[in-house]
Amino acid sequence: MSQSIKAARLRGSGSRGSGSRSTGRKGLRIKGNPLAGLGAGVWLVIVLVPLYILVTTSLRTQDEALGGNPLSWPKTLTLSNYKLVLDSGFWGFLVNNVLVTAFTVAAVVLLCVPVAYVVVRSAGRWANFAFRIFLLGLAIPAPVTIVPLYVMIGKMGLYDSLPAIILPTAAFAMPVTLLILVGSMRDISEELYEAMALDGAGQARILLQLVVPLSRSGLSTVAVFTALNAWNGFIFPLILTQSDNERVLTTGLYTLSSQYGVNIPATLAAVVLSGIPMFVAYLLARKALISGLMGVGGK
Amino acid sequence: MSSQAEARPASKDGGPGRAPAGAQGSDARDDAPQGRVRRSVAARVGRPSPGWAVPGVLFFAVFAVAPMVYAVYLSFCGSWGGLGTPHFSGLSNWTRLFQDSDVRQATVITIVLTVLSWAFQTPVALLLGVWAAGREKNRAVLSAVFFIPLVLSTTAIALLFKAILDPNFGLATTIGPWLGFPDGNIIGSSNGALIAVAFVGGWQFIPFHTLIYQGGARQIPEVLYQAASIDGCGRWRQFFHITLPQLRHTITTSSVLIIVGSLTSFETVFLLTQGGPGTSSTTLSYGMYREAFQGFDFGYASALGTALVVVSTLLSLLMVKFSGFGSMRSTREGM
């Protein structure tokens with residue numbers, strides 16, 4: 001046990017000095033590893049072939065898709081599949097998805113920052129107890145609660161509305177969020193709190209001007225992770241909404257694909273369109289997205 | 001404001017000059033009386049009132065804890081279709097659960113799927129992550145491609161593979177024979193369906209776990225490798241004696257996520273195979289969905305769900321225990 005702690009400390013001190021990491025660092029260790037390169041190449045094919053089929057098929061005519069080889073380049077490129085999807089309510093799904101994601105992230109951050117602050121700063125028994133309850137929540141998988149949520153949301157009169165999606169999505173994002181936020185808030189040194197207190201800052205000001213800015217990396221991890229989960233959530237929208245007006249991208253995609261049936265190019269065009277917003281986000285903010293997700297692994 | 005009420009008697013008991021160690025959070029608000037001035041420097045920093053946590057705790061209680069408790073209650077209410085009020089009626093759902101051969105089959109399928117997913121995702125993600133941790137340019141470019149599946153939702157990925165594996169469409173008929181499915185109907189055969197679910201899950205989640213391992217591998221202090229090369233350790237020994245032990249906590253995190261995720265995987269099954277052919281890819285969580293929203297037996301579905309939570313919680317606790325995950329906080333503090 002103590003050894004693992006030591007190892008962790010070692011690792012910690014290593015990462016603290018990470019700014020000075022030389023670029024040749026890993027190069028020294030794995031200089032041209034042909035086996036690993038081969039493995040990475042194989043995985044590259046596994047990743048790219050489905051993506052290639054996705055994009056090319058979405059540009060095919062339906063006749064060509066049914067007859068031909070999916071790996072061949074389309075004989076005629078057509079955007080008609082995309083037009084069909086865009087005319088089937090896609091924009092509405094997108095707007096709903098943006099709303100659900102934005103409100104979920106806002107709710108999670110606003111609710112969790114004070115909780116994490118209390119957990120970190122007040123040594124009280126209650127704070128610890130609450131934290132433990134939240135951590136137990138890590139083990140509750142969302143699909144398991146669909147039955148009671150369906151009944152409860154119905155009784156609250158929220159069935160088939162966007163809040164019906166947002167509220168449970170936010171609640172189930174809280175355990176991970178707290179774990180990450182508490183982790184990053186613990187690193188703020190006592191001296192900084194003392195300096196703030198000497199300046200006469202109250203708790204609210206300490207939270208807003210010291211704790212929040214210094215736990216930025218944790219906050220961005222949380223925002224990215226929560227946003228991805230809310231953006232991609234399927235089971236809550238599936239169970240808790242029903243009408244066309246309340247569909248988000250995932251449930252919209254599902255409905256469209258069952259409408260289109262054997263019209264595979266149209267389904268795949270819908271898949272492509274549903275992925276475009278995140279793909280753009282990935283291109284624009286790859287670093288933030290990647291380091292955000294990496295943070296979930298308990299960096 | 002309830003916090004204020006708690007704070008008052010506490011500070012009366014202890015008096016203004018009491019030791020900072022006893023300051024249990026609630027008594028040291030910034031607007032508390034002058035007694036604080038006499039405290040040591042450390043104590044002068046107020047503690048936030050636990051009241052700040054109330055909105056978050058309440059929210060979580062209502063939308064996550066209450067559903068769980070309600071599910072447990074419903075599991076004791078016999079067969080209930082959602083209309084009227086459920087009535088407590090003892091253990092009928094639970095005795096049924098333990099005698100249900102469908103549940104037994106779904107349990108086996110769920111376990112097989114979980115093992116397949118773990119065995120597929122962990123080695124691939126670990127190797128890719130360690131490889132991608134290197135800082136060469138080509139690795140960075142390739143990693144950027146590897147992470148593309150991350151931008152697609154589970155729904156999108158399941159529908160994409162449903163199209164690819166559609167026996168009428170093409171690719172499945174081409175690759176099916178290579179993989180031992182002469183008619184190309186991979187998702188139409190009972191083993192093929194389960195393997196397809198595991199593969200699609202891997203295609204989707206390996207990028208995420210690769211990222212986790214990449215982050216973990218980059219935190220391993222370079223001196224360890226330098227020392228090992230000076231001692232004449234080759235690449236293999238460095239990997240098995242430095243990289244793997246140093247990634248222990250990362251392996252646990254990633255494994256817990258994979259195992260809990262596959263134990264309760266619903267969406268891929270729902271969209272890709274609908275639990276079929278027959279019930280040969282019906283996992284417990286998909287079976288639960290069917291009981292609830294196709295069979296309209298909320299009571300029995302709740303019993304299934306409760307059992308699933310118990311199993312997944314026990315499994316994650318066991319894994320955490322076995323791997324010394326409790327010291328995770330110290331890895332975090334290093335940041």
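Cβ coordinates are placed from backbone N, Cα and C, and glycine is handled just like the others.
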From the ranges B:210-232, B:256-278, grab the one TrEMBL calls transmembrane segment. B:256-278
Within the same chain, the residues 6 or more beyond the ends of the transmembrane segment (B:185-206) and with Cβ under 8 Å of it are 109, 112-113, 116-117, 120-121, 124-125, 128, 149, 152, 154, 157-158, 161-162, 165, 167, 172, 176, 179, 258, 261-262, 265, 268-269, 272-273, 276-278, 280-281
So which residues does the transmembrane segment (B:256-278) touch in its own chain, when a touch means Cβ under 8 Å and the partner is 6 or more beyond its ends? 110, 113-114, 117-118, 121-122, 154-155, 157-159, 161-162, 165, 187-190, 193, 196-198, 200-201, 204-205, 209, 284-287, 289-290, 308, 311-312, 315-316, 319-320, 325
Below 8 angstroms Cβ to Cβ, which residues of this chain, lying six or more residues outside the transmembrane segment (B:298-320), approach it? 68, 70-82, 86, 93-94, 96-97, 103, 252, 255-256, 259-260, 263-264, 284-285, 287-289, 291-292, 326
